[in-house]
Amino acid sequence: MSASSSPQRGRFVAWAGFVFGSVSSVAANVLHTWLPAAHMPAGWTPGIAPQIGAAVWPIGLLLSVEVLSRVRWQSGWLWALARYGGAGAVAVGSAIISYSHLRDVLVTWGYGHLAAGVGPVALDGLMVVCGFALLSMTLARETSTTPEPVEVSPEPPEPVAPVALEVATPDDRLVGPVWTPRARRDEVTTAQVATEVTETPAPSVRLAIGPSTDPGEDTGADTRRQTARELSGDGWTHAEIAAHLGVSKRTVRRYLSAPSGEAIGAPDTETEHGPVQETSLLELPAPAAAVEGNHHQSFEGVLA
């Protein structure tokens, strides 16, 4: 017989004894309700209620034993009192009543007083013993299947070999000297600045300081004056004539009020501040030159 088959056979025998003892005890208690039939009229049968009541006691004994054995009770004297005082009282009471029923059945069947006194203990005892056997095998199986905690020391990590990374070298054609703004500024000499200032032509500024002497400046003035007079004769307003000719209303009024002889050579570019005349930056007074030039740099020595 192998070691693995022995627990299976033991479990089968325990279940067989548990079922046989339980069924026999319930059947013997139900038979106790039929004992008065010998003294009753023919055709008498016990009721359903007495038969069910007789089966309650062995079932109560069975369940109380299971509760006492299979439930994991907590520690403490109160829990011990509930376990053995409560469930124990149910088991003892059910055992006494079941014992008396079985004894009466055995006596009625002709068993002696000794046999009738021992028979109930053997039958109910078989049920209780097989129940504890099943509980013992269940606890043993749970203990064997529960894995014990195993302390596993962590393995040291494997050393990682250094890996050389290839860094791409930038193209030499893209690499040039790095110039900083300070270095560029330091390389410019004073002579170069003077040369650049001297060679740069001074910008022209148009200032309204007097009439223009350029004969070609107002070549179309006669045509505009003549057109202004014709439009005024047709009933046009000064604003409409000024918008049509592209000049100011003041110029239109001068066109219409001036005699015919002043039309030739008179400039029509007059603004509200007088005619415009061009002059050189170098000919301006010092404040005007300072406004147009770079006031952050002094080129006094260069211009001199």
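Each Cβ is built from the backbone N, Cα and C atoms, and glycine gets one as well.
Unlike curated entries, TrEMBL annotations are predicted automatically.
The feature transmembrane segment is assigned by TrEMBL to 12-35 (among others).
Taken from TrEMBL, the feature transmembrane segment covers 47-65 (among others).
What TrEMBL lists as transmembrane segment is 77-99 (among others). Using a Cβ-Cβ cut-off under 8 Å and counting only residues 6 or more beyond its ends in the same chain, the transmembrane segment (77-99) has close neighbours at 25, 29, 57-58, 60-61, 64-65, 67-68, 120-121, 124.
The transmembrane segment feature in TrEMBL is assigned to 111-135 (among others).
What TrEMBL lists as region 'Disordered' is 186-233.
What TrEMBL records for 189-202 is compositional bias 'Low complexity'.
Feature annotation from TrEMBL assigns compositional bias 'Basic and acidic residues' to 221-232.
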Tally of DSSP helical, extended and coil residues in the compositional bias 'Basic and acidic residues' (221-232): 12 helix, 0 strand, 0 coil
